[in-house]
Amino acid sequence: MMRLRGSAMLRELLLRPPAAVGAVLRRAQPLGTLCRRPRGGSRPTAGLVAAARLHPWWGGGGRAKGPGAGGLSSSPSEILQELGKGGTPPQQQQQQQQQPGASPPAAPGPKDSPGETDAFGNSEGKEMVAAGDNKIKQGLLPSLEDLLFYTIAEGQEKIPVHKFITALKSTGLRTSDPRLKECMDMLRLTLQTTSDGVMLDKDLFKKCVQSNIVLLTQAFRRKFVIPDFMSFTSHIDELYESAKKQSGGKVADYIPQLAKFSPDLWGVSVCTVDGQRHSIGDTKVPFCLQSCVKPLKYAIAVNDLGTEYVHRYVGKEPSGLRFNKLFLNEDDKPHNPMVNAGAIVVTSLIKQGVNNAEKFDYVMQFLNKMAGNEYVGFSNATFQSERESGDRNFAIGYYLKEKKCFPEGTDMVGILDFYFQLCSIEVTCESASVMAATLANGGFCPITGERVLSPEAVRNTLSLMHSCGMYDFSGQFAFHVGLPAKSGVAGGILLVVPNVMGMMCWSPPLDKMGNSVKGIHFCHDLVSLCNFHNYDNLRHFAKKLDPRREGGDQRVKSVINLLFAAYTGDVSALRRFALSAMDMEQRDYDSRTALHVAAAEGHVEVVKFLLEACKVNPFPKDRWNNTPMDEALHFGHHDVFKILQEYQVQYTPQGDSDDGKGNQTVHKNLDGLL
């Protein structure tokens, strides 16, 4: 009786509008049929809180909105402004190209709408089993565009454009990302040409995303290096606010162009190796790289000339001395490329035999590629001031010339001019974070995918940044923070977390070592919170956060959604879960699988799908040692019992396992699409 009452209530909930759901839930008895009452005892049932999580529609639907995403308007004009104006319309040929990864439908007629049965629910299912794996794959694997549509739509027939953009931003991608240009162009064209411009049906959505489907699928499947990017950025914002309270330090004033910056300026930008972006504070204010350019020009020199040639002229050791000392090592070479003497020598190695104008253009083009074509400028006023107040650097230059540290035929005065020019190159926190991410990504720019630097150049650059990048504070920074970094007198700190992300922290007030006060505090706090230190143990860490791991909440939701789809007989939802490489054998707290629930409810289509398409183990035991066959027999579902019995001859039991080994082949096929 309880079971009939619960089923009727569920139907009522699904048919009522959202406004009526709350009142029904308050009157409702707990849904007991998801975890059946065992024979000979009782079992805990889910409360209202669990019920509200069973389906996104009950909890309000949608994704958590991050900062900057919540206020996005749904009006066509403001969405157009968000997507950017202008741009070349996509070619007609692009609109008609085949969907990547698409396969022909298993049978004619509309499929995939929530609640409908698929090919496994009719006589065609038997033909598929007889025909083998090929047709099963066709039934299991519709196009990736379909999967993406249903992931965002959450049961609706159309997707509002602003909802898609908000969901996209929550993954860390930006609408200005060069990799998404075709998608954004098509969205803009759709908004301008359709009558219902702010809504996308499935066909329009597929046209918009098909050229960028792999990247978008990775984003929404949370396959980026930082899966829960919204949670990570909330931590970054907290660290930013903590560092903002730091006072002290003095703005560099040896030239007027540096002295004019307000000590209250403070910005942090993050770019991961997958192109996830986050910025907070004064991240669009241009400032000069100053000494932050030293590792970049060293990387250019090694990329062009090789390690062996470059280190004929400059060493690799920390000097233990001030960065502008007139001092060489025992071989009469500068100690490393991060002190002024070494940086001047490295400058002389770039594009030898070419005039300064061509050299400067070459380096600017290189830095533009590293920054993904984001802002890289030049401050002529800073250059003039540096040259006029550069007596110490001229002294170092003449000392190097006297010790024959330059390649033969080098014009020392011309090289110093070029050196001052490179120090006067301007960036913003946002563009510099992409440069740092290029170093973190092995020389590939994360937002363009272009290889800019060789692996050798990246490895050597990060090694020297780690040991020599923070002036006289380098040893302490390596000890406490343990990450490659380079600071500059303009207040910037270029920070690299190898294989994860790059960051630029900028605040003009400097400590007595010449490093940004707020930037140093931020870096210390970051490594205290996250296990990014070079020697943090990734397997046995106790208290630190690892943003590279997916949180437990997502796994809990995964189990709830899987079992609820099996309970309601929603084969379309199960197909989407299988497409997203979900473990279809995962269990709840009673060790019950989706097959247990489907067998108890008598959903023939779901049982067939799980057995024939997903190849799940038909013999899992729950905490009461009941198998799906026991469930079907107990509730009188003889057709399900017969299917499970027949499937025994096709399946070799692997034992009760929680790791979903029976799904490995399907998972490999799914991941192969990406």
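Including glycine, each Cβ sits where the backbone N, Cα and C put it.
For the residues K169, K403, K518, the entry in Swiss-Prot flags N6-succinyllysine at a single position: K169. The substrate site recorded in Swiss-Prot includes S291, N340, E386, N393, Y471, V489, and the single candidate from Y240, Y419, Y535, Y567 that the record places there is Y419. Comparing K135, K181, K250, K404 with the features listed in Swiss-Prot, the residue bearing the annotation N6-succinyllysine is K135.
Annotated by Swiss-Prot as region 'Highly mobile activation loop', the relevant range among 16-23, 160-167, 320-327, 600-607 is 320-327. Each residue in the repeat 'ANK 1' (590-619) gets a DSSP state, and the totals come to 18 helix, 0 strand, 12 coil.
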